[in-house]
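K.L.:
Submitted below is the structure of interest, expressed as structure tokens.
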Amino acid sequence: IRCQGSNQCYGHCREKTGCMNGKCINRVCKCYGC
């Protein structure tokens, strides 16, 4: 999803992928800790 900051990615990553962490890079969420 499009993001402004990394905090917008945490919930998205948890729900969609089960990953526990995420970062906003180039306005796109990248998920980590899968």
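The backbone N, Cα and C atoms fix where each Cβ goes, and this holds for glycine too.
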K.L.:
According to Swiss-Prot, which candidate among Cys29, Cys31 shares a disulfide with Cys9?
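P.N.:
Within the candidate set Cys29, Cys31, Swiss-Prot assigns the bond with Cys9 to Cys29.
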K.L.:
Which one is it, Cys13, Cys19, that Swiss-Prot ties to Cys34 with a disulfide?
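P.N.:
That would be Cys19, the partner Swiss-Prot lists for Cys34.
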K.L.:
If you pull up Swiss-Prot, which of Cys13, Cys24 shows a disulphide to Cys3?
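P.N.:
If we follow Swiss-Prot, the cysteine bonded to Cys3 turns out to be Cys24.
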K.L.:
When you measure from the Cβ of Cys9 (disulfide bond), which residues in the chain that are at least 6 apart have a Cβ under 8 Å away?
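P.N.:
Listed in sequence order, they are Ile1, Cys3, Gly22, Lys23, Cys24, Cys29, Lys30, Cys31.
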K.L.:
Among the disulfide-bonded residues listed here (Cys3, Cys13, Cys19, Cys31, Cys34), identify the one with the smallest other-Cβ count within 10 Å.
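P.N.:
Across Cys3, Cys13, Cys19, Cys31, Cys34, these disulfide-bonded residues, the one with fewest Cβ atoms within 10 Å is Cys34.
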K.L.:
Within 10 angstroms of the C-beta of Cys24 (disulfide bond), what count of other C-beta atoms is obtained when all protein chains are considered?
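P.N.:
Cys24 (disulfide bond) is surrounded by 17 other Cβ atoms within 10 Å.
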K.L.:
Hey, does DSSP put Cys19 (disulfide bond) in a helix, a strand, or just coil?
P.N.:
coil
